[in-house]
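Over in TrEMBL, the protein carries these features:
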- Thr205: active site, nucleophile (ACT_SITE)
- Arg233, Val234, Gly235, Asp236, Thr256, Gly257, Asp258, Gly259: substrate binding site (BINDING)
- 1-19: signal peptide (SIGNAL)
Amino acid sequence: MFTSIVLCTFASLLPLGHASLPLVINTWPFKNATAAALQLKRTAWRVLQSGGSVLDAVERGCARCEVEQCDGSVGYGGSPDESGETTLDALIMNGDTMEVGAVAGLRRIKNAIGVARAVMERTDHTLLVGQSASVFAENMGFVAEDLTTNKSLNIFSQWLQSNCQPNYRKNVFPDPSASCGPYEPRATLKRTKRAQHASRLSHDTIGMLAVDRDGHMAAGTSTNGMTHKVPGRVGDSPIVGAGAYADSSAGGAAATGDGDIMMRFLPSYLAVELMRAGADPSAACKMAISRIKRHYSEFFGAIICANTTGHYGAACNKTPGFTRFHYMVSNSKSDAPLLKSVDCV
């Protein structure tokens, strides 16, 4: 069925009219920090307006959200893991050269997107993780700081008082639905329906795409992951093709939501390849979401897409309490960032 959709409908999906460049688009309105979101957008937009590179725009935009702790799901002081520690994930991708830099489980360094760019520009690697990524960051001049705040300590304390609920354990003893660890493996594995942990309230990601007047594109992500995650867990945000993807010959995409599910389908890569084949950004986003929905009908997630001519779109999976997805756009048609939304499918 997917093949027939691709072959029979792409001709009718080509965008009409003239889009405006440059373009900056990012996931979420961050309604609990609207002023910060507006400043975030202006930061990236001003970089492009002043002739800066798309990489600079994406880095500075995501970094602003890290400083502002957007919704508590980006930057320091949010989403403590089972041990109470906040760690950060980030990715940046150059759509011209296909270079990528990423970090996962970054400790004690606030500027995760900056470290990701350093990985791209100062090493031949793509992804650095954990304590070693932090050592690399310090060697590159980034300042080590405590990522814990009173807010994250309070979240962790309340979680412990609630018998460590919710958590992400299964097939362990004692019963993770009623008790804290330490846990041991059960002798037999029991297949159970996956709990719907991820939601708009539990976590999200700043995903950003930038396109300049010449069609050069970059993508970036930054997050502190899921609250109460198992220490060492890495979601989709720092995984190229999952959290984000950019190719200046086709387009870019960035995903947000339940990364443990979404990363299995590389939705950002899929959306870009669909645009390369002729789909407009909105259709590419919808098809990427539909691919995941076939297997996990109740997953929480959304994706933004843009092509190199400045057309853009978004899509999300409809679940109880999540029926519309909001995102922000800046282009030459408006001096102010525009709040956009799309009905979930």
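Including glycine, each Cβ sits where the backbone N, Cα and C put it.
A quick note: this is a predicted structure, and the numbers were derived from the prediction, not measured.
Neighbour list (Gly235 (substrate binding site), Cβ cut-off 8 Å, at least 6 residues apart, same chain): Asp89, Thr223, Gly225, Met226, Gly243, Gly259, Asp260, Met263. Within 10 Å of Thr205 (active site, nucleophile), counting CA to CA, the binding-site residues Arg233, Val234, Thr256, Gly257 contribute Thr256, Gly257. It is Asp258, among the binding-site residues Asp236, Asp258, whose Cβ has the fewest other Cβ atoms within 10 Å in the structure shown. Pairwise Cα distances among Arg233, Val234, Gly235, Asp236, Thr256, Gly257, Asp258, Gly259, which the record gives as the binders of substrate, peak at 16 Å.
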